[in-house]
Amino acid sequence: MSHVVIIGNGIAGITAARHIRKFSDKKITVISAETEYFFSRTALMYVFMGHMKLEHTQPYENWFWEKNRIELKQAYIDEVDFKNKALFSVEGEEITYDQLILATGSVTNFRGWKGQELKGVQGLVSKQDLELLEENSANLTHAVIVGGGLIGVELAEMLHTRNIEVTMLVRENHFWGSVLPAEEGKLISDHIQQHGINLLFETELDEIIPDENKHVKAITTKDRKQIDCQLVGVATGVKPNISFLKNTELETEIGILVNRNLETNIPDVYAIGDCAQQREAIGNRKSVEAVWYTGRMMGEAVAQTICGNPAAYNPGNWFNSAKFFDIEYQTYGWVFPKKKEGVTDFYWEDKKNQRALHFQYKTNSKEFLGINAFGIRLRHEVVDTWLTEKISIENVIQQLPKANFDKEFSKKFSKQVQKSFQQSQLQKA
Amino acid sequence: MSRVQYNMALSGQPPQELTVAQKVFVFVGMLGLLVFLLATFNFQFPNKTLWLSLSLGAISVGTIGFSWSLYANKSSGIKNDGVWFKSLTSRGLWAWVFGILITLFYVVLYFFPQYLGLNADAENTGLIALFDPLSKMLSGNPASQWFVYGTLYTLSILLFGIKFIWKYRHSRYEIIRTISVMFFQTAFAFIIPELMARLNGESLQLPYYDLKNIWPLNYYNFEQYRIDGFLNSGTIGLALLIFGVISIFVITPILTYKYGKRWYCSWVCGCGGLAETAGDPFRHLSDKRQVAWKVERWIVHSVVVFVTLMTTAVIYSYLDYDAAKYWLNKDVFLGFVALLLTLVFGWAMLFRREELQKDAQYGAIGYFVIILGLIGIHFFFGNQLFLFQAETLRKTYAFLIGSVFSGVIGVGFYPIFGSRVWCRFGCPMAAILGFQQRLFSKFRISTNGGQCISCGNCSIYCEMGIDVRSYAQKGQNIVRSSCVGCGICAEVCPRGVLKLENDSPNGRINPKDVLLGNDVDLMNYVNQK
C-alpha cells in the first residue's frame with residue numbers, strides 16, 4: 001500500500017486527502033504544524049470578533065479523520081530529502097513517503113521595512129497570527145494597517161469591534177486599487193470611513209519606530225508623517241510558504257513551479273493551493289492563486305492524478321467574493337481596474353442602498369466580459385453560463401432578473417439597471 | 001488547557017460596559033418586574049389597573065429602550081460581535097442564572113399555580129390578581145395563571161420582536177417574517193380566544209381555541225370536552241371543528257408544499273415566535289454534532305407516534321357514547337386511522353424511499369408494524385386499545401410532552417441548549433411538517449455555485465442545529481426536514497452563498513458535488529463515486 005503524505009492541512013491539502021480516500025485505499029498522512037485539525041482560515045476574523053469559537057471553524061467533526069483513515073500529524077517539517085523520499089521534522093522525526101503533496105499555503109509578505117521584526121508587527125494568516133493578535137491587542141489604543149486589500153479590511157473590522165482606533169495606509173487613491181475600478185473603490189472607501197476607520201490614500205509605510213522594549217511605538221510614512229501606534233498590521237499580501245524548500249532540487253520561483261497536472265520537477269512530488277505556481281499562468285489568472293476555491297479545485301485535480309487518472313488543474317470562469325464591513329462583494333469573469341483598450345464599462349450605483357454593479361464588455365463585439373456586484377448577490381450558475389456562452393451585454397442586461405440571488409423580498413434592482421443601461425447607450429449614440 | 005486558549009476565552013472580551021442610557025433602561029425594566037414580585041408576595045396595590053399598566057409600561061420602555069441603545073446608532077448589518085464572549089450568550093454564569101430562573105417559573109406555572117395566586121373557589125390573589133383587570137376587559141372573566149402567562153408571552157414576542165427587527169433591519173425577509181409572528185401571537189393566540197370566551201353563553205360553549213394551533217401541536221383539540229363544546233355551539237362550533245380537521249389534512253400540506261414548513265414554524269407559530277424573538281440571542285447554542293441529529297430524528301418521530309396513539313385512543317374512548325352526536329363509531333374510526341397511516345407509509349416507502357435514511361426506513365417500518373399490530377390485536381382479541389387506558393396516555397402525554405418538554409425544557413433551557421430545543425426534538429407538528437417539507441415541497445435553501453469558503457457562520461447561527469456548511473461547501477442545496485426557514489444562515493453568510501426559495505421540485509435535491517467554476521470533466525470523475 002503506497003503512502004501519500006500531504007504537508008499542510010488547509011483546504012487544498014484536506015481536499016486532496018478526502019478525494020484520495022474516496023478513490024483509493026492508499027495510506028494517507030496529513031502533516032501540519034499549525035493545528036491538529038483542519039479549520040477554515042477564512043473564519044479567523046469571526047473568532048476574534050466573538051461570532052464563533054475556534055472549534056466552530058472546523059468543517060468536519062474530530063471523528064471524521066479516523067473514520068476515513070486519514071492520519072493527522074502535528075509536526076513542523078523543516079527538511080525534505082527528495083532522493084530518499086523522506087521528511088524530517090524539527091524534532092528529528094523521519095517520515096517516508098511514496099507520493100508527496102506540498103500544500104503549505106501562504107505566509108505574510110513583509111516587504112523588508114525597517115523595524116518589521118519588532119513586537120507588535122504582524123500579519124493575519126494563521127491561527128498563531130490570531131493568537132498573537134489577541135496578545136497584541138490587549139493594551140492597544142491605536143493600530144496602523146499597511147495595505148488596503150482583503151486582509152487589511154478584515155483586520156480593520158476586527159480591531160474596530162474592540163474599540164481600537166484604526167488607520168489604514170493605502171497605496172492607491174482608493175481602497176483595493178489593484179483590483180477594484182475607481183467607482184467601486186470610492187464606494188467601499190466611503191463605507192469603510194463611515195465605520196470610523198481612518199483611510200490614508202497614496203500613503204506608504206517607510207519605517208517602524210521602536211520603544212525601549214523593542215515594541216512598536218510609531219510608524220513614519222514615505223511623506224514623512226509620523227503616526228503613533230502600538231500595532232502594525234501587515235496586509236500587503238501573502239506569499240507562498242516555501243522557505244524550507246529553498247536549496248533543494250525542487251524548482252521554485254515565487255512558489256513551487258508546477259505544470260497543469262500540478263506536478264513539480266521531481267517525480268511523485270506535487271504542489272497545490274497557495275504555495276503552487278503555474279509555470280504558465282492560466283488565462284488572466286495569476287500564476288500563484290491564493291484563493292479558497294482554487295485550493296479546493298487543485299486538491300480535487302491532484303487526487304485524480306495520484307489515483308491513476310491524470311487530470312489537469314483546469315479552472316473555469318474566474319469568480320470570487322468578499323465582504324467589506326457590511327457590503328458584500330461578488331465578482332464573475334474579469335473586470336479590469338484600469339481602463340483597457342477595446343473594453344467598455346457600464347457602471348450602475350444605488351447610493352442610498354449602497355449597491356452597485358459594474359459590467360465590462362468588448363467595445364466592438366459587445367461580448368460580456370465580467371461583472372462586479374456590491375450589496376447584491378448574483379446567481380453563480382447563471383453568470384457562469386453567460387460567460388461560457390459569451391453572450392452580449394444587451395442579453396446580460398435583459399436577463400439580469402434571472403441572476404438575482406438576493407434574499408426574498410429584497411429590493412429589486414434589474415429595472416433600474418436596465419433603464420440606466422438604455423440611457424447610457426443613448427448617450428453614446 | 002494551553003495558555004492561548006485561556007487567553008482567547010478571557011482576555012478576548014470586547015468592550016461591553018453598559019452606557020448610561022442602557023443602565024437607565026435596565027433600571028426602568030427592573031422596576032416593572034419589581035411590581036410583579038411585590039404582587040406575587042401579596043403586596044396590596046391600591047389600584048390594580050394603574051399598577052399593572054405602569055408595570056407593563058416600564059418593562060416595555062426598558063426593553064425597547066435597551067434595544068434602541070444597542071442597535072439604533074449602528075450601521076445596519078450583522079450584529080454578532082462578542083456573542084461568544086458574553087456570559088449570558090455563551091453558557092456562562094448569567095446564562096445559568098437566567099435559565100434556572102425561567103425553569104423555576106415554568107415549574108411554578110405548570111405545577112404550583114397557587115403560589116402565583118390561583119385559589120380554588122376563591123378570588124385570585126397575588127400576581128394573578130394583578131392581571132384581573134386586563135382579563136376582565138378582554139374576556140369578562142378573572143385572570144388565570146394561563147392568562148398571566150399568555151400576556152407575558154405575547155409581550156415578550158412583541159418587545160423582543162421589535163429588538164429583532166432593529167437588529168436585522170437590513171433584511172426585509174426578517175422584518176416581514178417578524179411582523180407576521182408578532183401579529184399571529186397577538187391576534188390569534190391572545191386577543192381572539194379571549195374575545196371568543198366573551199361570546200360564550202347559553203347557545204355558545206366554545207372551548208378556548210387558538211386558531212393557528214393545529215393538531216398535533218394542540219394535542220388536546222379532539223378531547224371529548226372540546227368536541228362537545230364545538231358541537232353544542234351551532235354553526236360556528238361546527239365550522240371551527242371542521243377547520244381544525246382540514247387545517248391538518250388540507251391547509252397544512254398545501255402551504256408546506258408551496259413554501260416549506262417555514263410558513264408555520266417561523267411565520268405563524270407561537271413557540272417559534274418566542275424562539276425567534278426572545279430566543280434569538282441563544283440561537284447559536286444548538287448542538288451541531290451529527291449524533292445530535294440522530295437523536296433528534298428518533299425522539300421527535302417517537303413523539304409523533306406517541307401523540308397519534310394518544311389521540312386515537314382518546315377519540316376512540318368516547319365514540320359510541322352518544323350515537324346521535326357522533327355518527328362515527330369506534331370500528332369505522334379505527335379503520336380510518338389504519339387506512340390513513342397505511343397510505344402515508346405506503347406512499348413514502350414506494351415513491352420516496354431513496355430519500356429516506358436507513359434508520360428512517362427501519363424506524364418507519366417498526367412504528368408502522370407496532371401501530372397496526374396494536375389495532376389488529378384490539379380487533380381480534382378485544383383488549384384495551386393500545387394496552388393502556390386512554391386517560392393514562394393522555395395524562396402522560398400532557399405531563400411529559402405538553403408541560404415538561406415544551407415549557408420547562410423548551411423555554412427554560414434557552415440559554416443552555418439554544419432556542420429551538422422543543423421545536424427540534426419535541427414538536428410533533430414540526431416533525432409532520434418536516435416530513436412533508438423533506439419529501440413533498442418546493443422549498444429549499446439554494447447554494448450559490450462554488451462561492452462557499454466553509455467559514456461556518458451558517459452552521460453556528462442555525463437554531464435547529466443543521467450543519468448548513470456541510471452542504472454549502474459541497475455545492476448542495478439544503479433540503480432538511482428540520483429547517484424552519486428563519487433565514488438567518490443566509491443573513492450571516494459573508495459570501496452570498498445561501499438563498500431560501502420556493503422553486504420547481506425538480507433538481508431541488510442535488511446529492512452530488514456540483515461546484516461551479518470547476519472543470520466539467522473533472523467534476524464528472526469526482527462524481528463517479
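Keep in mind that glycine also has a Cβ here, set from the backbone N, Cα and C atoms.
Computed from a predicted structure; not experimentally measured.
What TrEMBL annotates here:
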type     : residues  : note
DOMAIN   : B:443-471 : domain '4Fe-4S ferredoxin-type'
DOMAIN   : B:474-503 : domain '4Fe-4S ferredoxin-type'
TRANSMEM : B:24-45   : transmembrane segment
TRANSMEM : B:51-72   : transmembrane segment
TRANSMEM : B:93-112  : transmembrane segment
TRANSMEM : B:146-166 : transmembrane segment
TRANSMEM : B:178-197 : transmembrane segment
TRANSMEM : B:236-257 : transmembrane segment
TRANSMEM : B:298-319 : transmembrane segment
TRANSMEM : B:331-350 : transmembrane segment
TRANSMEM : B:362-381 : transmembrane segment
TRANSMEM : B:396-417 : transmembrane segment
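A Cβ distance under 8 Å defines the sequence-distant neighbours of the transmembrane segment (B:396-417), meaning residues of its chain 6+ beyond its ends; these are 88-89, 91, 94-96, 98-100, 102-107, 109-111, 219-220, 271, 274-275, 278-279, 282, 285-287, 303, 306-307, 310, 423, 425-428. Residues of the domain '4Fe-4S ferredoxin-type' (B:443-471) grouped by DSSP class, helix first, strand second and coil last, total 8 helix, 5 strand, 16 coil. Sequence-distant neighbours of the domain '4Fe-4S ferredoxin-type' (B:443-471) (same chain, 6+ residues past either end, Cβ-Cβ under 8 Å): 80, 259-262, 275, 279, 283-284, 286-288, 290, 292-293, 296, 418-420, 423-424, 437, 477-480, 482-486, 488-503, 508-509, 515-518.
Note: the domain '4Fe-4S ferredoxin-type' (B:474-503) comprises 5 helix, 6 strand, 19 coil (DSSP; helix = H, G, I, strand = E, B). Stretch with the most C-beta contacts under 8 angstroms to the transmembrane segment (B:298-319), considering only B:24-45, B:51-72, B:146-166, B:178-197, B:331-350: B:331-350. Contact between the transmembrane segment (B:146-166) and the transmembrane segment (B:236-257) is absent: fewer than three CB pairs lie under 8 Å, with pairs separated by 6 or more positions in sequence.
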